[in-house]
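Written below as structure tokens is the structure these notes are about.
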């Protein structure tokens with residue numbers, strides 16, 4: 001039992017994952033290199049000495065010009081109508097324009113465009129300027145961000161807004177270098193996107209979509225997360241960016257990767273740069289090689305074992321995959337598995353509807369500052385989960401209910417690095433009247449208040465299980481597992497107080513009125 005830890009009080013503090021929009025680890029949002037000096041410069045010089053075949057480069061300026069022209073022409077006709085693009089186009093104030101780009105880029109990290117649109121619209125309506133965001137509470141930020149995932153993004157965005165307002169005179173840094181230097185949570189990609197789109201700085205960007213486009217047009221099959229390939233991709237992006245329309249070019253490259261040059265089933269026949277694509281040429285080469293007298297097609301001049309950009313000899317070209325051979329995905333560790341028991345505690349509300357108990361997570365670590373149902377972390381075996389959960393509930397105290405602890409089902413939620421399985425329970429408190437004082441770190445909410453509170457997607461899944469069960473639509477076991485204090489034999493000294501569990505009342509408290 002010593003290994004059973006109450007997650008609401010002592011959950012292992014691990015930083016939330018900050019992966020960018022499908023982006024490989026080419027640049028960390030935590031890193032702040034303003035230039036290449038010392039060891040970084042030496043390492044880059046060594047990398048630059050590594051031979052690279054022209055096959056993986058844009059050696060002909062005519063190809064660069066054609067790539068820019070074709071891509072921008074396609075973008076002008078096919079670009080999606082997105083709210084942040086409209087706002088940037090209409091906004092004349094440079095700081096507000098940069099803020100609009102900044103918010104969109106942070107929200108789009110590892111999140112689909114369709115999901116972001118509604119969040120972005122509500123965010124900009126609530127906080128249209130950096131000053132508005134800087135004056136908001138973290139609770140309000142978490143509340144609006146609820147369900148978007150990677151919650152530290154919202155917190156870092158607000159930290160950046162406050163720094164701009166309080167330390168930089170309300171002016172957003174104008175270059176990618178200073179953006180990355182001065183603003184928390186702004187890495188190389190985000191800095192380049194803001195600088196090029198808002199300020200027209202001629203600087204390239206590399207995110208997951210751009211990686212895919214560049215790897216295919218130049219047949220780069222090596223691991224895109226390696227230092228050598230990373231440097232090469234950033235160099236290509238900088239070489240290709242259009243000096244007259246850098247922001248549009250970068251958005252066009254990302255748009256191409258998102259809508260045409262997709263991870264699976266790319267629409268090559270609709271690609272504006274198909275004629276310049278080495279991967280597409282490689283597919284054609286395979287078809288022609290079966291014909292007599294087929295012409296030679298350009299290939300990498302280096303031996304595959306020597307070239308650090310070609311497909312590795314251990315994982316060569318697969319004709320069945322076509323252009324999807326590029327880029328090859330780096331191997332990922334599976335998320336570690338964790339287990340938790342969580343309980344939806346309810347009592348009658350003043351208006352007749354039920355109130356449910358939420359407690360706040362620590363201010364650092366996974367899901368920092370968000371609200372959740374009382375929960376405990378379990379051993380993989382799941383043994384003693386009832387007892388552990390009752391101990392956690394006892395922490396919040398009130399008279400012992402006659403209703404048993406009831407098992408409702410199981411919820412599985414996968415974070416970027418954790419697969420968390422929740423065993424969901426409910427507990428009904430009878431005849432309780434909320435008091436007038438607030439117990440720190442806890443609140444009673446109505447169902448409607450819960451839906452608008454700063455809670456994670458995992459807790460929303462838990463609530464749905466509880467809601468379905470309460471409405472009689474849950475398709476769980478006909479004989480749900482239950483545990484009551486009276487069912488335990490010879491309770492320990494620490495458990496003897498369960499007959500007074502929930503001794504102090506926890507009052508109703510609206511989500512936006514809790515102090516941090």
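Every residue gets a Cβ built from N, Cα and C, even glycine.
Over in Swiss-Prot, the protein carries these features:
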REGION    1-38  region 'Disordered'
COMPBIAS  1-23  compositional bias 'Basic residues'
ACT_SITE  105  active site, proton donor/acceptor
SITE      207  site 'Transition state stabilizer'
BINDING   261, 268, 271, 277  [4Fe-4S] cluster binding site
DOMAIN    335-467  domain 'Nudix hydrolase'
MOTIF     376-398  motif 'Nudix box'
REGION    474-516  region 'Disordered'
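Feature map: annotations from Swiss-Prot on the structure.
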residue: 105; record: active site, proton donor/acceptor; DSSP class: helix
residue: 207; record: site 'Transition state stabilizer'; DSSP class: coil
residue: 261; record: [4Fe-4S] cluster binding site; DSSP class: coil
residue: 268; record: [4Fe-4S] cluster binding site; DSSP class: helix
residue: 277; record: [4Fe-4S] cluster binding site; DSSP class: coil
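Counting other CB atoms no more than 10 Å from each candidate's CB, the recorded positions 105, 207 peak at 207. Summarising model confidence by region, the motif 'Nudix box' (376-398) averages a pLDDT of 75. It is 268, among the binding-site residues 261, 268, 271, 277, whose Cβ has the fewest other Cβ atoms within 10 Å in the structure shown. According to DSSP, the domain 'Nudix hydrolase' (335-467) comprises 26 helix, 52 strand, 55 coil. Residue pair residue 207 (site 'Transition state stabilizer') / residue 261 ([4Fe-4S] cluster binding site) shows a Cα separation of 13 Å. If you take the Cα of the residue listed as 'active site, proton donor/acceptor' and the Cα of residue 271 ([4Fe-4S] cluster binding site), they are about 24 angstrom apart, rounded to a whole number. For the recorded [4Fe-4S] cluster site, residues 261, 268, 271, 277 set the reference point as the centre of their Cβ atoms, and the other residues of that chain within 8 Å of it by Cβ are 216, 217, 256, 260, 266, 267, 273, 274, 279, 280, 323.
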